[in-house]
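Engineer: Below is the structure I would like to discuss, written out as structure tokens.
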Amino acid sequence: MKKLQGAHLSKPIIPDLLMTPSDQGDVDLDVDFAADRGNWTGKLDFLLSCIGYCVGLGNVWRFPYRAYTNGGGAFLVPYFLMLAICGIPLFFLELSLGQFSSLGPLAVWKISPLFKGAGAAMLLIVGLVAIYYNMIIAYVLFYLFASLTSNLPWEHCGNWWNTDLCLEHRGSKDGNGALPLNLTSTVSPSEEYWSRYVLHIQGSRGIGSPGQIRWNLCLCLLLAWVIVFLCILKGVKSSGKVWIEAALQIFYSLGVGFGGLLTFASYNTFHQNIYRDTFIVTLGNAITSILAGFAIFSVLGYMSQELGVPVDQVAKAGPGLAFVVYPQAMTMLPLSPFWSFLFFFMLLTLGLDSQFAFLETIVTAVTDEFPYYLRPKKAVFSGLICVAMYLMGLVLTTDGGMYWLVLLDDYSASFGLMVVVITTCLAVTRVYGIQRFCRDIHMMLGFKPGLYFRACWLFLSPATLLALLVYSIVKYQPSEYGSYRFPAWAELLGILMGLLSCLMIPAGMLVAVLREEGSLWERLQQASRPALDWGPSLEENRTGMYVATLAGSQSPKPLMVHMRKYGGITSFENTAIEVDREIAEEEESMM
């Protein structure tokens, strides 16, 4: 009897949920671990995906117009200053969080569960942006198909959608090279094609009465969501004003705060050199924006000369540049349908990369939160997300859909995005601790971030963003679309949309505190500490304070696991030994 007891005690029973693959022997891993999270197939995949995510439609229509309306070349000074103070440091911070933990925007807050609401706010923001962003891709598809003709439909007046104000500006100069008419009292065929045919905005009396659904736009939106689903299915393998405009351009262009960077980095191998990738992507994106500005305003300058008017009469912001000005410019070129097709095909590829990242962020975040249930059914879950967002986006396909798109564009990722980024920066550096975070990066990359990054994370980035947030609130201006002014209830709805993402943060704090025990202060302290399983996802990457915190870990030193598997000691194992020594010295000094 004693022998049986001894045999039983010598072999402890490990609960199934805590068993590692090695504990399960020859069990079919496809059954219990079929939902492998996956990784990039190569280092270049991650780099190119980040570039595709960052270089998007904003580089073509947002950056050139903001640079033009805010001083031209002088705009580059605050732009690169904001890139250095906020863009590059926050870009690197997000990549580091994702790669170190191999988790999405929700589960990554095991680093400090008190701030999990910031992850929920990210998902809300990226969800709202994805809804209207795919509508823009639907417009691009509409124009792409319309270009498959011998004559572009927006080249001439005389169509059923044109009015008496329509004037074919091309070829209307007199002998002196000047237009005999005042362009401000006329409308180009491309503008009427956009507003009266594509949008059919005359069928709506405003945002409160959107009118009927446009079946052609509805089908284009459906096709856009089908394309995005197929991508997801494949998976991964004034001076004051100019400052705020530069900051917004950095956020929109680099995608900081949307969770996409964190999601992409979570599929990296543990030792991917994201420090190098940060500078490649951020500087490459800035150069791309500048080159796009040169290309755009070369065309606008040509149009200005042809029409005999100042550039500011042909330059438009946002969709107006892509769907009015540029299509009009295509009509002035030989083989105009060919150039129009190429232009809108370029916009399609630029937009799809960013939209793919938005959807991957949502899907990854939720599946990481419920891995045992959703990872095996990721394709089905992705399809349900696409269907739900398509249905929510149907209002954008109505006659007054553009009013709703403008409202979403103005408020979905405005001040709420800044609040999320500020919260993330402070939570990581102040609550989790800048020294601990730098030590994590040291463990991962083999070196600690320098003074530049630490100074930006601790002081410069959050202080600058807070000042810009206050300025944007003080200088708030209501939304408008052309001559249309939004009613008060629509403005209130937009403000509530932005506030909802902000309120996610205190709501998450309340939930985290209620889950703990003790006094309020004790609950706050416990909720602020990292979760027990916080750290690298693979056992061989865990060292120092992360030893044996992974569920099912049987080895006292993951470093030895790595050595048994691969043999020898590499530079990263040397780093792990060095980190262990630093932690031991800190513990001795505290005692």
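Just so you know, glycine gets a Cβ as well, placed from its N, Cα and C.
The shown structure was predicted, so the numbers you read here are calculated from the model rather than taken from an experiment.
Residues or ranges marked as Na(+) binding site by TrEMBL: Gly52, Val55, Asn59, Ser253, Asn285, Leu350, Asp353, Ser354. Here TrEMBL flags 76-100, 120-146, 215-236, 242-267, 279-303, 338-359, 380-405, 411-432, 452-474, 494-514 as transmembrane segment. Taken from TrEMBL, the feature disulfide bond applies to Cys157-Cys166.
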Engineer: Return the count of C-beta atoms lying within 10 angstroms of the C-beta of Asn59 (Na(+) binding site), excluding that atom itself.
Structural biologist: 23
Engineer: Are there residues of the same chain, six or more positions away from Asn285 (Na(+) binding site), whose CB falls under 8 angstroms from its CB, and which are they?
Structural biologist: Ile51, Cys54, Val55, Asn59, Ser253, Leu254
Engineer: Which whole-number value in Å describes the distance between the Cα atoms of Cys157 (disulfide bond) and Leu350 (Na(+) binding site)?
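Structural biologist: A Cα-Cα distance of 31 Å.
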Engineer: Counting only pairs at least 6 apart in sequence, do the transmembrane segment (76-100) and the transmembrane segment (411-432) share 3+ Cβ pairs under 8 Å?
Structural biologist: yes
Engineer: I'd like the Cβ neighbour count for Ser253 (Na(+) binding site), meaning other Cβ atoms within 10 Å of its Cβ, all protein chains included.
Structural biologist: 23
Engineer: Around the Na(+) site formed by Gly52, Val55, Asn59, Ser253, Asn285, Leu350, Asp353, Ser354, list the extra residues of the same chain whose Cβ is within 8 Å of the site's Cβ centroid.
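Structural biologist: Everything else in range on the chain: Ile51, Tyr53, Cys54, Gly56, Leu57, Gly58, Thr288.
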Engineer: For the transmembrane segment (338-359), find every same-chain residue at least 6 residues outside the stretch whose CB is under 8 Å from a CB in it, and list them.
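Structural biologist: Distal contacts: 49, 52-53, 55-57, 59-60, 126-127, 129-130, 133-134, 136-137, 140-141, 143-144, 147-148, 152, 224, 227-228, 231-232, 255, 258, 260, 263-264, 322, 326-327, 330, 382, 385-386.
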Engineer: Validating a neighbour-count step here. Other CB atoms within 10 A of the CB of Cys166 (disulfide bond): how many?
Structural biologist: 19
Engineer: Relative to the transmembrane segment (411-432), which of 120-146, 215-236, 279-303, 494-514 accounts for the most Cβ pairs at distances under 8 Å?
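Structural biologist: Maximum Cβ contact count belongs to 494-514.
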Engineer: Measure from the CA atom of Cys166 (disulfide bond) to the CA atom of Asp353 (Na(+) binding site) and give the result in Å, rounded to a whole number.
Structural biologist: 36
Engineer: Using Cys166 (disulfide bond) as the reference point, find which of the binding-site residues Gly52, Leu350, Ser354 has the shortest Cα-to-Cα distance to it.
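Structural biologist: Closest by Cα distance to Cys166 (disulfide bond) among the binding-site residues Gly52, Leu350, Ser354: Leu350.
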Engineer: Report yes or no: does the transmembrane segment (215-236) come within contact of the transmembrane segment (120-146), defined as 3 or more CB pairs under 8 Å with a sequence separation of 6 or more?
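Structural biologist: With 3 or more qualifying Cβ pairs, these stretches touch.
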Engineer: Report yes or no: does the transmembrane segment (494-514) come within contact of the transmembrane segment (279-303), defined as 3 or more CB pairs under 8 Å with a sequence separation of 6 or more?
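Structural biologist: No, the stretches stay apart by this measure.
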